[in-house]
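K.L.:
Let me give you the structure first, and then I'll get to my questions.
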C-alpha cells in the first residue's frame with residue numbers, strides 16, 4: 001500500500017496468527033497475491049508429482065519383472081511338463097480312439113450344442129485346429145457355429161417375456177443390446193458383429209437377442225462375421241499345440257525359422273484380435289451412449 005504525502009512509503013506485509021480459544025485452532029491472516037501463494041505451493045506440488053512419477057515407474061518395472069519371471073517359469077518347467085504329461089497322451093488317446101470322421105462329427109456337435117447349455121466351445125475349436133488345420137477347421141467351426149447361435153435364438157421364444165423383464169431391470173447394460181435391434185438391416189448386422197467381437201458374453205446375448213427385436217438374418221450373419229477373429233485364434237492355438245506336441249514327442253526342438261514363424265504368427269493374430277476388440281468396444285460404447293440419451 002502506498003501513501004502520497006510527498007514521500008512514498010510502503011507498508012510491509014502483515015502476518016497475523018489469531019488463536020481461537022473455543023476450538024483451539026489457529027487462523028492465519030496474511031497479505032500477498034495469489035501468484036505469490038502459488039509460487040510457495042509449487043515446490044510442494046512438484047515434489048509430490050515427482051514422487052508419484054517415480055512410484056509409477058517402480059510399480060511398472062516390478063510388474064514387468066514379475067510377468068517376465070512368470071513367463072520364464074512357465075516356458076522352462078510348466079509348459080514342457082503339461083505338454084509331455086497331458087497334451088501328448090491326450091492327442092494319442094484321441095487319435096487311437098476316434099477316426100477322423102467321428103472326431104469331426106463330435107467336434108461339430110460340441111460347437112453346435114455347447115452354447116445352448118452355456119458351455120464354452122473354445123476347447124473344441126482348439127481341437128478342430130489341431131486336427132484339421134486352417135481350411136477344414138474353419139469350415140467345420142463356422143458351419144457348427146451357425147447352428148450354435150441359431151438354437152438359443154429359437155429357444156429364446158420360450159423365455160421372451162422373462163428376457164424383456166430382465167432388460168428392464170438393467171437399463172444401462174441392456175442399452176447396448178437394445179441398440180442392436182434398432183435401425184436398418186445393416187445397422188443390426190453391424191451392431192451384432194460388434195457385440196460378437198467385443199468382450200461381451202456372447203452366450204448370454206444368444207438368448208437376449210430375440211428380446212431386442214433383432215431380425216434373424218442380420219443376427220446370424222453378424223454373429224458369424226463377428227466370430228471370425230475368435231475362430232482364427234482358436235485354430236491357431238490348436239496348430240501351435242500340435243506343433244509343440246510333435247516337437248516334444250520327437251525329442252527335438254523347433255528350428256529358428258519355425259520359432260520365428262510361430263512367434264510372428266501369434267503376434268499378428270493376437271494384435272489383430274486386440275485391435276478389433278478395442279474398436280468394437282469403442283463403437284459399442286458410443287451406441288450405448290446414444291441409446292441411453294433417448
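FYI, residue positions are counted from 1 along the chain as it appears here.
The backbone N, Cα and C atoms fix where each Cβ goes, glycine too.
What TrEMBL says about a protein is an automatic prediction, not a curated fact.
The shown structure was predicted, so the numbers you read here are calculated from the model rather than taken from an experiment.
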K.L.:
Can you say which of 29-53, 54-78 is given as transmembrane segment in TrEMBL?
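P.N.:
It is 54-78 that TrEMBL describes as transmembrane segment.
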K.L.:
Using DSSP, break the domain 'VTT' (119-239) down into helix, strand and coil residues and give each count.
P.N.:
105 helix, 0 strand, 16 coil
K.L.:
What average pLDDT does the predicted model assign to the domain 'VTT' (119-239)?
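P.N.:
Average per-residue pLDDT within the domain 'VTT' (119-239): 86.
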